[in-house]
Amino acid sequence: ADNMSLTGLSDEEAKEFHSIFMQSFLIFTAVAVVAHFLAWAWRPWIPGAEGYG
């Protein structure tokens with residue numbers, strides 16, 4: 001176990017994986033935010049003072 005982590009990845013491989021993971025996560029989150037905004041514009045899921053009227 002010379003200089004290996006629990007995953008078996010080297011430090012460089014772990015950093016590369018992390019950057020790809022974070023980029024993918026941010027893209028997924030951005031798509032989710034846009035989808036929620038569009039769904040809210042189509043049909044808000046929290047009624048206003050007047051209800052769903």
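Cβ atoms here come from the backbone N, Cα and C positions, even for glycine.
The topological domain 'Cytoplasmic' annotation in Swiss-Prot covers 1-19.
Non-local neighbourhood of His36 (bacteriochlorophyll binding site): empty, since no residue in the same chain at least six residues away has a C-beta under 8 Å from its C-beta. Among the features that Swiss-Prot reports, bacteriochlorophyll binding site is placed at His18, His36, with the record citing sequence analysis.
Per Swiss-Prot, transmembrane segment is recorded for 20-42.
Residues annotated as topological domain 'Periplasmic' in Swiss-Prot, with sequence analysis given as evidence: 43-53.
Using a 10 Å radius centred on the Cβ of His18 (bacteriochlorophyll binding site) and all shown protein chains, the other Cβ atoms total 11. Here the topological domain 'Cytoplasmic' (1-19) returns a mean pLDDT of 86 for the predicted model.
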